[in-house]
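Going by TrEMBL, these are the annotated features:
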{"type": "TRANSMEM", "residues": "16-37", "note": "transmembrane segment"}
{"type": "TRANSMEM", "residues": "58-75", "note": "transmembrane segment"}
{"type": "TRANSMEM", "residues": "81-104", "note": "transmembrane segment"}
{"type": "TRANSMEM", "residues": "116-134", "note": "transmembrane segment"}
{"type": "TRANSMEM", "residues": "146-169", "note": "transmembrane segment"}
{"type": "TRANSMEM", "residues": "176-196", "note": "transmembrane segment"}
{"type": "TRANSMEM", "residues": "202-225", "note": "transmembrane segment"}
Amino acid sequence: MIPSGIAAASSSSASFYDICSYAAGIAGNVFAFVLFVSPMPTFKRIVQNKSTEEFSGLPYIYSLLNCLICMWYGLPCVSYGVILVATVNSVGAAFQLVYVILFIRYANSARKLRMSALLAGVACVFAAIVFVSLEFFDHTTRQTFVGYLSVASLISMFASPLSIISLVIRTKSVEFMPFYLSLATFLMSISFFAYGMLLHDFFIYLPNGIGTFLAVIQLVLYAYYSINSREDSNMPLLVS
């Protein structure tokens, strides 16, 4: 028989642990929402001009597939106790789908055909993942299978800013690396990193740990080059 004092302390500790993990997941959902709405000014311009101009639709295709895979991982039929992963990625998938549809609507004929084919490809890939994971794996191996797919998808998504980081270093300018987007990425990544650590879920904390690290690099570069830019602008002009 467990003494009532020990049982109460254990219950209180478990309750605090649950609250912390839930709070981290909710925070991740909120910051992810900021990222999901960030392309809205771009699509407002596309709709107003009735043209996709030189914008690329590929980031939204990749993000759609990533959200669908991660949403599938968070559902109870694949993983237990990580429903907040499913909620955030279902919202994200809805946003990315709308962006892709708008892109197709206002793209020229060649890009319209290419984007439509890619959208159909995403649907087929996701359908294949769902079918294979349900048909050929039990619950434990299904979580591992989908988990590794989600890790690969998230790492590839988090690695995409590497080109921007390289551009910032080459040009010594943060013009093409919006501060608030980098900050929101950092806050979302660290929230889900904490969520994954609290739940001891390798498939959540690993990619978000990498995302946190890359976001920190962006913020450090932003601070460094912003300070240098201000110092250069404050230098006295030499008149000969």
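Cβ coordinates come from backbone N, Cα and C, glycine included.
Most Cβ pairs under 8 A with the transmembrane segment (58-75) among the ranges 16-37, 116-134, 146-169, 176-196, 202-225 are made by 146-169.
Here the transmembrane segment (16-37) does not lie next to the transmembrane segment (146-169) in space: the count of CB pairs under 8 Å, restricted to residues six or more apart, is fewer than 3. If one looks beyond the transmembrane segment (146-169) by at least 6 residues along the same chain, the residues whose Cβ comes under 8 Å of a Cβ in the stretch are 59, 62-63, 65-66, 69-70, 72-73, 78-79, 129, 133, 176-177, 182, 185, 189, 202-203, 206-208, 210-211, 214, 217-218, 221-222, 225.
Among residues of the same chain six or more beyond the transmembrane segment (176-196), those with a C-beta under 8 A of the stretch's C-beta atoms are 20-21, 24-25, 27-28, 31-32, 34-35, 38, 82, 84-85, 158, 161, 164-165, 167-168, 202-206, 208-209, 211-212, 215-216, 218-219, 221-222.
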